[in-house]
Amino acid sequence: MEQKNGSSFTGFILLGFSDRPQLELILFVVLLIIYLFTLLGNTTIIALSHLDPHLQTPMYFFLSNLSFLDLCYTTSTVPQLLVHLRRADKSISFGGCVAQLFISLGLGCTECILLGVMAFDRYAAICRPLHYTVVMHPRLCALMASASWFIGFANSLLQTVLNFLVPRCGRNKIDHFFCEVPPLLKLACVDTTANESELFFLGVVILLIPVAIITFSYARIVRAVLRIKSSAGQRKAFGTCGSHITVVSLFYGTAIYAYLQPSNNYSQDQGKFVSLFYTIVTPMVNPVIYTLRNKDVTGAMKKVLCRDHDSR
């Protein structure tokens with residue numbers, strides 16, 4: 001690693017968890033298992049959404065988008081982290097760091113917006129059931145999903161450009177396990193107040209506006225569900241919405257902690273473990289939450305498995 005600190009090296013050193021060498025092997029095993037489960041769970045949801053005609057609805061269209069997003073999101077950081085946990089060389093090229101920041105931040109921002117869109121879908125399904133197919137037309141669903149991806153990556157492009165314009169005066173040791181905005185700003189050798197203000201403002205827009213939409217949608221949903229006379233209908237409505245609320249709480253809670261707290265309160269050690277949660281743990285938990293609490297998904301899985309068994 002010392003060789004990488006020479007004048008010929010223009011990349012970065014990701015310190016990651018190198019200050020805790022006793023944890024590296026444990027983290028490697030745990031994160032490898034989580035990553036494999038993430039790949040399996042999210043791929044399963046995408047496959048089921050395309051194979052079962054009953055799951056070809058707006059809700060599962062957005063859910064398959066979320067699963068694809070989570071596959072990409074976790075893959076943008078985990079494979080490299082696993083390699084660094086087992087090697088002394090923890091370097092990343094300048095171009096690799098730029099690409100990783102752009103992709104991971106774009107996917108994270110897209111997920112923020114997509115979760116808000118999914119809350120609107122649940123609002124339309126429960127509060128406007130007679131108009132649901134008209135409101136959530138396939139073209140509108142495709143437009144909202146596309147807008148989520150576009151806005152997410154447009155914001156990421158802006159953040160990435162602004163971040164790498166900041167002078168670092170040769171500092172290249174990032175106290176994190178991947179290239180993320182807050183630890184990269186810590187390397188600056190100039191005042192970053194303007195960058196931090198811009199990051200905070202865009203964080204409010206990308207994080208809190210979807211949270212406001214979700215809060216409004218679910219306030220209306222709760223009122224509508226309580227009017228349902230059938231207890232079975234109430235359970236079904238709360239079941240699908242409960243899955244979404246759980247995912248929202250896990251993702252937004254950790255993302256808000258990472259991006260909306262003052263920089264002087266930001267702890268690098270806590271930041272690493274919080275980032276582990278929303279970049280690695282949440283993408284694994286999402287399919288589990290939606291599968292275990294959703295009879296449509298478990299039913300579709302049984303049908304596909306039975307079909308494969310009968311074909312043999």
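Positions of Cβ are set from backbone N, Cα and C atoms, glycine also.
Residues or ranges marked as transmembrane segment in TrEMBL: 25-48 (among others).
Residues annotated as domain 'G-protein coupled receptors family 1 profile' in TrEMBL: 41-290. The average pLDDT the prediction assigns to the domain 'G-protein coupled receptors family 1 profile' (41-290) is 87.
Panel annotation: around the transmembrane segment (60-78), residues 31, 35, 38-39, 41-43, 45-46, 49-50, 100, 103-104, 107-108, 110-111, 114-115, 117-118, 121, 138, 141, 145, 148, 177-178, 279-280, 282-284, 286-287, 290, 296 of the same chain, lying at least six beyond its termini, place a Cβ under 8 Å from a Cβ of the stretch. Taken from TrEMBL, the feature transmembrane segment applies to 60-78 (among others).
TrEMBL lists 98-120 (among others) with the feature transmembrane segment.
According to TrEMBL, the feature transmembrane segment maps to 140-158 (among others). Long-range contacts of the transmembrane segment (140-158) within the same chain, counting only residues at least 6 positions beyond its ends with a Cβ under 8 Å from a Cβ of the stretch, are 58, 61-62, 65, 101-103, 105-114, 117, 120-121, 202, 206.
The annotation transmembrane segment is assigned in TrEMBL to 199-219 (among others).
For 240-260 (among others), the entry in TrEMBL reads transmembrane segment.
Summarising the annotation, TrEMBL assigns transmembrane segment to 272-292 (among others).
Distant neighbours of the transmembrane segment (240-260): 59, 108, 111-112, 115, 118-119, 122, 126, 180-182, 199-200, 203-204, 207-208, 210-211, 214, 218, 221, 225, 271, 274-275, 277-278, 281-282, 285-286, 289-290, 293-294; these residues of the same chain sit at least 6 beyond its ends, with a Cβ under 8 Å from one of its Cβ atoms.
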